[in-house]
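Just below is one structure, and these are the notes that go with it.
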Amino acid sequence: MRPRVSHARRSYATATKADLYDVVVVGGGPAGLSLASSLRSSSVTNGLRVALVEGFDLAPGRNWKPEPQTFSNRVSSLTPGSVGFLTDIGAWKHVDRDRVQAYHGMQVWDGISGSRIQFNWNPSASETIAYMTENTNLVHGLLSRLSELGGVEVIDKTRVENISFGEDNGELDLRTWPTVEITGGRKLTARLLVGADGANSPVRTFAGIESRGWDYDRHGVVATVKLAEGSSLGIEKTAYQRFLPSGPVALLPLPGDFATLVWSTTPQNAAKLKTLAPTDMAAMVNAAFRLSHVDIDFIKDLDSGIAGEVQWRESVTQFDYTRVPGRVVGVQDKSVASFPLKLRHADTYIGERVALIGDAAHTVHPLAGQGLNQGIGDVQSLIKTVETAVQNGQDIGSVLSLEPYYSEQYFKNHLMLGVVDKLHKLYGTTSAPIVALRSFGLSAVDAMTGLKSLIMKQASGGR
Amino acid sequence: MSSRLLRRLPQTLPLSTPLRRAPLAFPLSRQHSTGSGTSVDPTEISHFDGLASTWWDPHGSSRLLHLMNPLRLHFIQTCLLRGTPVPPTPSARGTESVGADPIAAVQGHRESEEGGLRYLDIGCGGGILAEALARLKSTRSVVGVDASSGVLEVAEAHRRMDPGLVKGGRLRYENCVVEELGGRLKGEERGGFDVVTMMEVIEHVPHPHAFLYTAMSHVRPGGWLCLSTISRSWISYLTTVFVAEDVLGIVPRGTHDWNKYLNAEELEGFFHAQKNWGSGGGMVTMGCMYLPGLGWKEVKGGEKVGNYFFGVRRDLE
């Protein structure tokens, strides 16, 4: 319709020949890799053209050769629901199962009153609460699955430099299609751009979606620890979590005599813990599960002799040996690290030709071990949404197609964020009436088998 | 003025099915308001053009049409399951899956395939159904026809936003009344389409018989004519005419002529009287309803009170 000189048009079209993809995933973490794998695994969506862009080098994850008796300090608790989905998309079989630890029991107690709640699945039914899995193990499994499937263009060691919109070249109007410019100047134009690019998601920024929340003024200290030999014998493994006024401390089982620590505490405490010698650090962890919070506060400020002090105070403190974790005897070299804890929730997960998954959409307090599971839940929901859209001949990037993903996940995640946040706040107090109330609640829950199993079903993402 | 009122309709009315459907039917009806292209009222078309801009707005006046689309595909699939225009042959694409799922397929790169189906969408509007059909892997091509040039501009502009629809002539629009369509068809299209669709159209046509004959002439032997409309019941009278037009006045008076509504039995009776149509189970009626919170759902017996789909197959020769 518009008059146009023919040769000019030709050169214009050539110059702006767009590199078109049905789905471009930004971010090669567990969420992004799960999405790419599931898109290729589904017979409905495997015709889509998919690219994944990741800033870091994925080779270490791909060629992961773990040392026996050594575990990464970045470990996630995968619910049976998440593992079921990873099995469905063919990734779980690529995860090194010898380095995954299932647990069947959970001990949670109040650090002030001692009220506790004990979760045990029926051992004969061998029901698993969660699977402790190193993140690198999962990433390795997902990358192996992706290579096995083929068809996804994985572009790593490449940063997203800019995201803009496509052009209208007269024949095609790509002005609603996000165009991702990567290092080296190449541009990928996406029918659907998925932000799996973490808490500071550039995709979310591009889509103009706000993320709101707050910082907890707490840091999570993680470490890989070794327990006294034989202290975690038997098939049944248990996770331990004690709520201290400064935050919960958790010890979660790894294979053999190993365990992973997640200790939420003040930034000052976290900084102090990171400076401790291994023997003192081990003593502090033992103290955290055994001594009174007043003792713990006192000991952590000592400049020297922590191990001896803990030993002495333990000998005069009464606690139930059968209900605390095995004694920590060593801390794996270089495994102590910390990160700030925060709560964030994006205003929405979708926009025209944009979807957010995982940490790009939400960041949760780690006390319930739900962060990665929420991300996998997002993938599970998004893939179902895309499948439905494809089957109904819809444009998978349109808001109308993406709406079911948003409505299914947003409120589910919001509830989880809220519950975990309230738990954090409830246990962050030493006020006597509140301690009495929360202890009564915990004891009451412990006495009610039905309610407990309901809570556990929620925690394990029952499907 | 009236278009603004129509746009507000889905948010302001109780969710009775025929009412929810009333604004949907209105725009689509324009091109068929008479039996010939010369008597289309220009003011009606300009009114219709006012609606066009929000056609693809997911929260606009056409939202309910968008939400209805999966059920439309489901109905077409239901019809095709009873018999395909061409008996499956080994050379036809996806022969094995034809029985299980004839039209649901994969989005993405695809070529026009020899075995794919040809569709004609009469009263295509902004292209909601036409685009969806064109994206299905089992589709060879789709022709959408509408008398309103304004709405076809919207449809065409939206088509250009999807490279998959631009490629290989999968989807094309023709701006004319259906009676004049014959002269614009190309090649094999002249031999008839595998499926001819008319969604929310027939209830606005003054001479439905003549209109049906025209549509039928574009169905190839073994192909299907699939339409959706609304029955003439006291409920549909109350909701679409009495409440919406006379009491609330949110739909301009005269939008619906209840007397023009066709009941399923009347369509069935009409096709029973036609030679070579609907033999051997080649006639399907499916009632449906918009249920708040659940969307459009198939409802058994729904054709007696409100919206329904009707499909009829032209016998194989």
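Placement of Cβ uses the backbone N, Cα and C atoms for every residue, glycine included.
Automated prediction, rather than curation, is the source of TrEMBL annotations.
Residues or ranges marked as S-adenosyl-L-methionine binding site in TrEMBL: B:ARG72, B:GLY123, B:ASP146, B:MET199. When Cβ atoms from all protein chains are considered, those within 10 Å of B:GLY123 (S-adenosyl-L-methionine binding site) total 28, not counting its own.
The Cβ neighbour count for B:GLU200 (Mg(2+) binding site), using a 10 Å radius over every protein chain in view, is 24. If you look up TrEMBL, you'll see B:GLU200, B:GLU203, B:HIS204 marked as Mg(2+) binding site.
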Remark   = Cβ neighbour count (10 Å, all chains) around B:MET199 (S-adenosyl-L-methionine binding site) is 25
Key: Rounded inter-Cα distance in Å - B:ASP146 (S-adenosyl-L-methionine binding site), B:GLU200 (Mg(2+) binding site)   = 13
Ask   = If one measures from the C-alpha of B:HIS204 (Mg(2+) binding site) to the C-alpha of B:ARG72 (S-adenosyl-L-methionine binding site), what distance in angstrom results, rounded to a whole number?
value = 19
Note = Sparsest Cβ environment (other Cβ within 10 Å) among binding-site residues B:ASP146, B:GLU203 belongs to B:GLU203
Ask   = When you measure from the Cβ of B:ARG72 (S-adenosyl-L-methionine binding site), how many other Cβ atoms are you left with inside 10 Å?
value = 23
Task = Across all the protein chains here, work out how many other Cβ atoms are within 10 Å of the Cβ of B:HIS204 (Mg(2+) binding site).
result = 24
